[in-house]
Amino acid sequence: MFFAVITLFPEMFEAITAYGISGRAAKRDIVQVTCINPRDFAEGSYRRVDERPFGGGPGMVMMAEPLAKAINHAKQLASQAGCVHVPVVYMSPQGKTLNEQAVQQFVDYDGLIVLCGRYEGVDERLIQHYVDQEWSIGDYVLSGGELPAMVLLDSIIRRLPNVMSDEQSAIQDSFVDGLLDCPQYTKPDQFEGLDVPEILKSGHHANIEKWRFLQRYQRTLERRPELIEQVTLTKQQKKWLSDEQG
């Protein structure tokens, strides 16, 4: 999958390309992550990419022209890589909140061009003419779009085929089917007076599967009850709930 990131701080994305699951995917050429600095497309000796906002106010606004040139360059790279469906995504507090359903849709694209804002944001005309989607990672403000972009890339990359060493691990992650994850345990059997649940050591896989589902359902009900209404249960899961509720 092709990713082009428009950012003033390309070095930050070594966290994606050099480490962990996403780093392994990059080394295996499952993903291609290219960072494009809009300063390379700015005019003048200072390579300025920001200006004061019209109408006054604090801070600076990223200028449309260098960003547009950077996006067009990214589109050329995507085309050279054989990618057709490559929308431009702007990471913004005004965007829709990212969730697992959106991530799964991104997985089906050929690639993404991700625009990272800074300062007070970007010129609205750039958004109107070049941005296809705006996404947020939550209702809070960060210094720029780089961290949200890394969240977006990591969440997509781990869902791509052949990336996870254990495909079942990705399937069982929180939110994949609408439920939170179940409690996880490893050695030792006892820690500060707390024991691993006996059922997890029983070797009875059907009972373990049932226990894990019930734990996930109960945890979601307690911590994120609004998610329960969106969950589609299998016939077996409905039976487990019915048996548990008596």
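In case you wondered, yes, glycine gets a Cβ from its N, Cα and C as well.
Pulled from Swiss-Prot:
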type	residues	note
BINDING	Gly117, Ile137, Gly138, Asp139, Tyr140, Val141, Leu142	S-adenosyl-L-methionine binding site
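Location within the structure of each feature annotated in Swiss-Prot.
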residue: Gly117; record: S-adenosyl-L-methionine binding site; contacts (Cβ under 8 Å, 6+ apart): Met62, Tyr90, Met91, Ser92, Gly144, Gly145
residue: Ile137; record: S-adenosyl-L-methionine binding site; contacts (Cβ under 8 Å, 6+ apart): Met91, Thr97, Leu98, Leu147, Pro148, Val151, Leu152
residue: Gly138; record: S-adenosyl-L-methionine binding site; contacts (Cβ under 8 Å, 6+ apart): Thr97
residue: Asp139; record: S-adenosyl-L-methionine binding site; contacts (Cβ under 8 Å, 6+ apart): Pro93, Thr97
residue: Tyr140; record: S-adenosyl-L-methionine binding site; contacts (Cβ under 8 Å, 6+ apart): Pro93
residue: Val141; record: S-adenosyl-L-methionine binding site; contacts (Cβ under 8 Å, 6+ apart): Pro93
residue: Leu142; record: S-adenosyl-L-methionine binding site; contacts (Cβ under 8 Å, 6+ apart): Pro148
Conformational class of Gly117 (S-adenosyl-L-methionine binding site) under the three-state DSSP mapping: coil
